[in-house]
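Presented below is the structure to which this report refers.
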Amino acid sequence: MKSLDDYICIVGGKPLKGTISVQGSKNAALPMMAASLLHRGVSVLKTCPRIADVFCMEKILQALGAATWWEDHDLYMDCTNADKEEIPEMYTGRMRSSVILLGAMLARNGKGTLGYPGGCVIGSRPIDLHFYALRQLGAVIQKDQVIQGTAPSGLWGNQILFPKRSVGATQQAILAAVLAKGNTIIKNSAREPEILWLCRYLKTMGAQIKGEGTDCIFIEGRDELGAGYMKIPPDRIVAGTYICAAAATRSEITLENVPEGELDAFLDVYCKMGGQYKGKSGKLIVNGQNIHCPVKLLKTDVYPGFPTDLQSQVMSVLTTVTGKSLIREQIFEDRYKAAGELVKMGAHINICGREAYIEGGYPLYGRQVTARELRGGAALVIAALCAKGTTKISGYSFISRGYENICQDLAGAGARISLGRATDSRGILEY
Ligand SMILES: CC(=O)N[C@H]1[C@@H](OP(=O)(O)OP(=O)(O)OC[C@H]2O[C@@H](n3ccc(=O)[nH]c3=O)[C@H](O)[C@@H]2O)O[C@H](CO)[C@@H](O)[C@@H]1O
Ligand SMILES: C=C(OP(=O)(O)O)C(=O)O
């Protein structure tokens, strides 16, 4: 039977008002879960988001032999017996982060086999830099139907010089190097906050790391690591998404649990559009009532540049601003899947390679649209909130990869939004 997907229903045109608390970060939590494999015992992640990708990573840890359990939003992982050697593609194919488990498995047991990673289809997303990093540390990698890694003489610290910055490949290198023999230096490493958080977590386990948050990371390998313990930081992309929701509906809302200092490039663009914000200590009052300026050129870039993961959401806001805006997507070559759906809703957008030309100010109308990837799905939610009439967004399974409660969060701020459950032709719920 063809699997049906849940959908979101939004009656647009109602301004938002109220407070939303931002969930824990998906892209910080997933590498920390992988890192938990490096300790033969119980590690804990507090305020962990209960989202599909985290559940998938949890399933993978279980498939490797770990025991896991939740207490509310706190995730406990007992990796004492997580020594199985293979992760099937039915898990790895669901998300990108699965590939960094290879480094963790090599560090733990000197071998690991896994299916190819999935994740959002937003470009070709090669994994050559991951393999390069592991090979520099002495791993032998074979690619066929599956990816197979071994470290016949163990992992040995070395220099890793990345030709381009990659978040995942930097995480891969770190996970393998913390248990390698000797010192590793990672040059041209990614500087995204999620790298910093991974290193902070590994340090709670006793890893010796310096330079995280810069483009040069030093690691002194250890023989073993202890238990990990960390409160997952707030999700900067979810925070940005809700700021865009307020901007598109010209509303003022309060966000709690907002990451500090991680949203600067985004807030810069938001202010250029006419958005205002004030706040401190994790609380932010965002006022989008004066949003009116198009953006001449918005370029996504590696951190601290504008995050590609907020590009689609800002595109939705720009469709509501009279005048011409231009977006250049510099990280992924195919990250405009939401644009066609926005056009169905009345937006004027032309895609030309990596550039999106937006002529804003035309009214958006409620339509039946489809989310084809995570952040593009969030962009459709934002557009629907300010559209005239009712929008039905199918493809909820993409959105639930990263947003724990997008419907409840926005409904709590006054939006007319609900989650529709998939039914079969007889109207029976699928599950
Ligand atoms: C789970 C997770 O944290 N995902 C994030 C991570 O993805 P991910 O780690 O996949 O992104 P990367 O930073 O690796 O990708 C950046 C660029 O490098 C290229 N590349 C990457 C690896 C490689 O081996 N070879 C190669 O050429 C990619 O195709 C892309 O063009 O960072 C992206 C960029 O901030 C975010 O959009 C994703 O949300
Ligand atoms: C692209 C993303 O995730 P992934 O790398 O897991 O596909 C994202 O979080 O926006």
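Every residue, even glycine, has its Cβ placed from backbone N, Cα and C.
For Cys120, the entry in TrEMBL reads active site, proton donor. Here Cys120 (active site, proton donor) comes close to Arg96, Glu373, Leu374, Arg375, Phe398, Arg401: these same-chain residues lie at least six apart in sequence, with C-beta atoms under 8 angstroms from its C-beta.
Within 10 Å of the C-beta atom of Ile331 (UDP-N-acetyl-alpha-D-glucosamine binding site) sit 21 other C-beta atoms, taking all shown protein chains into account. If you look up TrEMBL, you'll see Arg96, Arg125, Pro126, Ile127, Asp128, Leu129, Asp309, Ile331 marked as UDP-N-acetyl-alpha-D-glucosamine binding site.
What TrEMBL records for 12-410 is domain 'Enolpyruvate transferase'.
Feature annotation from TrEMBL assigns 2-(S-cysteinyl)pyruvic acid O-phosphothioketal to Cys120. In the three-state DSSP classification, Cys120 (active site, proton donor) falls within coil.
Within 10 Å of the Cβ of Pro126 (UDP-N-acetyl-alpha-D-glucosamine binding site) there are 10 other Cβ atoms, across all protein chains. Under the DSSP three-state reduction, Asp309 (UDP-N-acetyl-alpha-D-glucosamine binding site) is assigned to helix.
Its Cβ taken as reference, Arg125 (UDP-N-acetyl-alpha-D-glucosamine binding site) is surrounded by 17 other Cβ atoms within 10 Å in the chains shown. The binding-site residues in question are Asp128, Asp309, and the one with the fewest Cβ neighbours inside 10 Å is Asp128. Sequence-distant contacts of Leu129 (UDP-N-acetyl-alpha-D-glucosamine binding site), defined as residues of its own chain at least six apart whose C-beta falls under 8 angstroms from its C-beta, comprise Phe162, Pro163, Lys164, Ser166, Ala169. Ile331 (UDP-N-acetyl-alpha-D-glucosamine binding site) falls outside any helix or strand according to DSSP and counts as coil.
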